[in-house]
Amino acid sequence: MLSSHGLAAGTSSRGSGRTPAAAFRYARLCSARTQSRSSRSVAAAVAAERLDAQVCVVLGTQWGDEGKGKLVDILAQQYDIVARAQGGANAGHTIYDDAGNKYALHLVPSGILNRDSTCVIGNGVVLHLPGLFEEIENLKKKGVSVEGRLKISDRAHLLFDLHKEIDGLREAELAGAGKQIGTTKRGIGPAYSSKATRNGLRVCDLHKLDSFADKLRKLSMDGEKRFGPGFQYDVDEDIEKYQELAKKVLPYVTDTVEYLHTAYDTGKRILIEGANATMLDVDFGTYPYVTSSNPSIGGIATGLGLPPTKYDAVVGVVKAYTTRVGAGPYPTEIFGDLAERLREIGHEYGTTTGRPRRIGWMDVVALRYSCKINGLTHLNITKLDVLSELEEIKIGVAYKTPDGRMLRSVPADLETLENVEVVYESIPGWKSDISGVRDWKDMPQAAKDYVQRIEDLIGIHCKWIGVGPGRDALVVKPAKGKC
């Protein structure tokens, strides 16, 4: 059984003025600060272990926030190009440089810290230009320049403030009926709706500002007709704003399909960064509580124009437990004090919205489903350190329906999913701080057993194990039989 608070007695904060969770975080911070310089050489060694893949895709396997950005940042050190294929500023990727500086990225690919790589925003991304340039300016303030290193697809669709306005109005309507989705209200869904109804504007439209203005006015009229006086959007002000934004963005714009294929043909190495995650996929996720694009492998092909026959590795990033933001079914969800403690230890608050994330146990049913859809070749388990002080850790291995049927996959029908009973396996915890571990042989045996059990259940090598937020906080696990 789990202890009442899920933390070891040794983390008591008596006399310190800290809560148990805060004390544990403080201990981890102190541990990180006292790491020797060799930790950076460990990070360098991990990055130097060249992945045998000219094209590597990194995807989220759960409900997002798995830590994809960190792996992309590390692998980017050995890739020439890092590309985003779908989503928009609803994605939030947090990465750290060697000095511990934090970067919160939403549109710029996580490879931007590798000064030798070129970053590509593909045609499948919906792009809010004011937000992009705010992000670029924030990077510049921290000494990171994108000049000559960022390319934007001329086919990418533009996301306007009117899309954000519609997103909020639509969510308010759904809330009135008790059916709100819990979107980020960043306008992502409405922007993809404009794309699907074929009245959206693309980056290439910025070359012809007269027709651009006419198209934007027509798009605005759609919002006015749909929502009436509640639709608050000054189209003329936005048209004027985009006169200047066009001048700023067009130097970055190119035919990214041609660029990527030419790069591939000349031997360049390409790393593709997924946004959101498979369980939020508009086709495969818990619809309608999903995002508005395809964060699974199909969205990579359509979002970049680079076919699957060129993918040599597809890496799935999976948190050692699960989290979810917003509404929707969540079979392995944890409630009460334990959920709150893990939320605090793992700092489980949205990079994009700041909203507290829901917390759950590892869901192997959902993970296996994601692995099948995406054809994963490797797994990266992240935030294993967050579970370090638990007496017992659970893994959801099957779903059981009220009539006794056992489900080994995720059902499409939400009512079925909401009413399943999760079948769990229990794994003993290791009850020790692993945030300083950098070699698999130094990992506590119980932690090894937990990782190996996931690998055995899924049948895919868990190659990378994250034990903290920093670049160096990564352990490479040997393939089974080499431990």
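Every residue gets a Cβ built from N, Cα and C, even glycine.
What TrEMBL says about this protein:
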ACT_SITE  Asp65  active site, proton acceptor
ACT_SITE  His93  active site, proton donor
ACT_SITE  Lys195  active site
BINDING   64-70, 92-94, Arg357, 383-385, 466-468  GTP binding site
BINDING   Asp65, Gly92  Mg(2+) binding site
BINDING   Asp65, Glu66, Gly67, Lys68, Asn90, Ala91, Gly92, His93, Thr184, Arg198, Asn276, Thr291, Arg355  IMP binding site
BINDING   Thr351, Thr352, Thr353, Gly354, Arg355, Pro356, Arg357  substrate binding site
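Across the fold, the C-alpha of Leu384 (GTP binding site) and the C-alpha of Pro356 (substrate binding site) stand 19 Å from each other. Lys70 (GTP binding site) has its Cα within 10 Å of the Cα of these recorded positions: His93, taken from His93, Lys195, Asn276, Gly354, Arg357. Asn276 (IMP binding site) sits 5 Å from Gly64 (GTP binding site), taking the C-alpha atoms as the reference points.
For the binding-site residues Gly67, Gly354, Pro356, the ranking by surrounding Cβ atoms (within 10 Å, all protein chains) places Gly67 first. In this view, the densest Cβ surroundings among the recorded positions Lys70, Lys195, Arg355, Arg357 belong to Lys70, judged by other Cβ atoms lying within 10 Å. Nearest by CA distance to Lys195 (active site), out of the binding-site residues Gly64, Thr94, Arg355, Val467, is Gly64.
Asn90 (IMP binding site) has a Cβ environment of 27 other Cβ atoms inside 10 Å. Its Cβ placed at the centre, Asn276 (IMP binding site) has 30 other Cβ atoms within 10 Å. Distance between Cα atoms for Gly354 (substrate binding site) and Asn90 (IMP binding site): 12 Å, as a whole number.
Fewest other C-beta atoms within 10 angstroms, among the binding-site residues Gly64, Gly92, are seen around Gly92. Rounded to the nearest whole angstrom, the C-alpha distance between Thr353 (substrate binding site) and Gly92 (Mg(2+) binding site) is 9.
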